[in-house]
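First the structure, in the form of structure tokens, and then the observations on it.
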Amino acid sequence: MSHHIYIPILIISTLLSFTSARTTVFINESTPILLLPSSSSAVGEMSGSCPSPDPRLNYRPTIGIVSHPGDGASGRLSNATNASYIAASYVKFVESAGARVVPIIYNEPVEIIQTKLNLVNGVLFTGGWSKTGLYFDVIEEVFNQVLKKNDAGEHFPLLAICLGFELVTMIVSKNNNILEAFSASDQASTLQFMNNINIEETVFQRFPPELVAKLSTECLVMQNHKYGISPETFQKTKELCSFFKVLTTSTDENNKVYVSTAQSERYPVTAVQWHPEKNAFEWGSSVIPHSDNAIQVTQHVANYFVSEARKSFNRPPNDEVLKNLIYNYSPTYCGTAGKGYDEVYIFTDNEKMARL
């Protein structure tokens with residue numbers, strides 16, 4: 001009788017030995033069974049421990065976004081004279097790449113703005129219309145702080161979008177009248193790369209080669225501006241040429257060419273006349289590109305910007321960051337208007353008092 005017991009035990013033992021080096025066993029060709037991880041060397045090699053995070057990188061980056069005067073809806077959402085807003089698409093854009101947002105409310109006291117700049121690892125200037133007064137002064141001061149932080153050895157990136165591009169151009173050139181009129185409102189466009197341009201270490205470095213090629217032939221970016229700067233004006237302005245290199249140009253509805261992407265050679269400062277955030281996160285205009293390639297453009301730009309912010313060694317107290325995050329505010333839906341932004345964060349004195 002013992003011989004009869006020994007044979008099935010031997011068969012089972014052999015089967016277990018045979019399967020111990022595999023994570024999947026097939027009873028037949030169509031029915032896989034997943035087994036628990038084995039202690040065998042074959043499986044051990046496949047399930048090795050995760051590598052340690054790079055200590056030089058900050059895996060909890062935070063981006064400061066400067067608010068813009070108004071409510072983002074021509075007064076339909078708030079008639080407060082001190083209102084400012086951030087379109088939620090910019091927040092989602094940053095979050096999609098793995099960063100959080102601290103709103104830098106432009107009409108807050110200077111010391112609060114400075115405190116917030118010390119809580120973040122990079123800054124984003126949004127689109128809009130305001131080019132004068134307090135808003136311009138604050139943008140100029142924040143821009144100078146970005147340069148100062150980098151000069152002091154901290155990697156602190158800036159992404160300037162649309163109006164942000166225009167303001168940075170005015171600041172760097174020291175000429176508030178440098179902008180020229182263009183007809184690029186509500187227009188999808190291509191990006192034409194400069195001859196022999198090297199896109200390594202630029203906003204386009206993460207783009208697959210086939211997507212880079214399509215940027216020149218397909219309308220994958222959204223333009224929405226009435227002002228810009230021509231390549232000729234750019235090239236003859238010493239301050240701009242010494243600070244930026246032009247990466248791309250685009251053409252408006254009247255076939256006038258303007259600079260659409262520029263990047264500093266010394267600082268992690270990128271300026272785009274187009275709107276990378278709109279492709280994935282705005283639906284108010286039927287012209288906004290929403291194709292697979294267009295969404296990739298949004299994601300690659302966001303990934304690049306946040307990857308630059310991860311190089312910042314600023315590690316502020318977590319409780320201070322939490323108290324200032326955009327999560328302390330609620331977005332307002334304004335997409336029913338059928339134009340403009342889908343959602344905005346609105347900041348007023350009354351709203352600030354309610355949070356105290």
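Along the chain as shown, the residues are counted starting at 1.
From the backbone N, Cα and C atoms, a Cβ is placed for every residue, glycine too.
Unlike curated entries, TrEMBL annotations are predicted automatically.
Here is what TrEMBL records for this protein:
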- C162: active site, nucleophile (ACT_SITE)
- H275: active site, proton donor (ACT_SITE)
- H275: active site (ACT_SITE)
- 1-21: signal peptide (SIGNAL)
| note | For C162 (active site, nucleophile), the three-state DSSP class is coil
| Using Cα coordinates, what distance in whole Å links the residue listed as 'active site, nucleophile' and H275 (active site, proton donor)? | 7
| message | Let's check the environment of C162 (active site, nucleophile): how many other CB atoms sit within 10 Å of its CB? | response | 27
| remark: By a three-class reduction of DSSP, the residue listed as 'active site, proton donor' is assigned coil
